[in-house]
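Colleague: Heads up, here are the entries from Swiss-Prot:
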{"type": "BINDING", "residues": "37, 42, 48, 277", "note": "[4Fe-4S] cluster 1 binding site"}
{"type": "BINDING", "residues": "63, 67, 70", "note": "[4Fe-4S] cluster 2 binding site"}
{"type": "DOMAIN", "residues": "49-266", "note": "domain 'Radical SAM core'"}
């Protein structure tokens with residue numbers, strides 16, 4: 001193991017525990033809910049589950065795209081379960097979550113990429129758990145505006161789509177069908193829609209990007225109106241995935257946060273263990289929406 005791949009101390013985390021965590025874990029196991037928290041072995045699982053948030057995955061566990069940073073299985077996915085949105089909403093209601101993030105594999109085998117399935121899940125969640133904030137982390141749907149509209153019209157509170165990396169590294173890091181500028185167009189289209197959605201994206205560092213490229217990415221994201229940005233350390237999930245080119249220090253993450261904030265994001269979460277679905281960012285969104293609700297009342 002080389003210096004570039006040996007994990008530093010700041011990436012070591014304690015084993016998850018706590019009453020809230022154990023309660024959510026039991027419900028997840030009983031309902032057979034597919035959570036990204038477990039699938040991706042997220043280091044923040046105890047903080048999130050214990051604090052009333054979770055990230056769940058729709059449309060199966062087999063993806064039609066092969067991104068070189070991602071540990072999800074690739075292949076021909078099974079048919080969609082039409083009851084999945086209902087079962088998801090029932091499980092989330094039982095967990096009494098304050099914030100739910102719904103994401104999915106890519107389903108390029110579906111005519112609409114799974115957009116209508118996402119929309120069904122959003123509507124069921126909002127019906128069963130009206131006080132739960134619903135964030136969706138969506139694929140690019142090949143940039144098809146009709147499919148993006150299907151998701152937007154279901155009115156999630158937050159819609160996220162990840163650019164993942166800087167423009168130069170996109171062909172190396174992401175599946176060849178994923179395009180940097182297409183992702184920007186997706187985010188711009190969603191932001192400009194009449195639903196008034198908050199938009200969010202995530203960038204991994206440690207893949208070989210330069211500071212200048214990161215700054216250009218921050219600028220590109222603000223140019224299309226992205227509200228919330230999360231920055232985190234890329235970690236190699238297996239020997240078959242892209243290697244870590246560098247481990248970014250906590251101090252450098254703070255510098256990136258300051259730089260990104262200068263471009264006008266509503267919120268930037270930046271740190272070694274920050275992930276796309278990150279408790280601090282969700283806490284910010286919850287507070288923002290509560291302030292908006294009070295303003296409407298008052």
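Placement of Cβ uses the backbone N, Cα and C atoms for every residue, glycine included.
Quick caveat, the model's predicted, so the values are computed rather than measured.
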Colleague: So if I measure Cβ to Cβ from residue 63 ([4Fe-4S] cluster 2 binding site) and keep only same-chain residues at least 6 apart in sequence, which ones fall under 8 Å?
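Modeller: For residue 63 ([4Fe-4S] cluster 2 binding site), the qualifying residues are 70, 72, 73, 74, 75, 77, 105, 106.
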Colleague: By a simple count, how many Cβ atoms lie within 10 Å of the Cβ of residue 70 ([4Fe-4S] cluster 2 binding site), its own Cβ left out?
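Modeller: There are 20 such Cβ atoms around residue 70 ([4Fe-4S] cluster 2 binding site).
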Colleague: For residue 63 ([4Fe-4S] cluster 2 binding site), what is the secondary structure by DSSP, using just helix, strand and coil?
Modeller: strand
Colleague: Around residue 67 ([4Fe-4S] cluster 2 binding site), how many other CB atoms lie within 10 A of its CB?
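Modeller: 20, counting other Cβ atoms within 10 Å of residue 67 ([4Fe-4S] cluster 2 binding site).
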Colleague: On the 0 to 100 pLDDT scale, where does the domain 'Radical SAM core' (49-266) sit on average?
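Modeller: On average, pLDDT over the domain 'Radical SAM core' (49-266) sits at 94.
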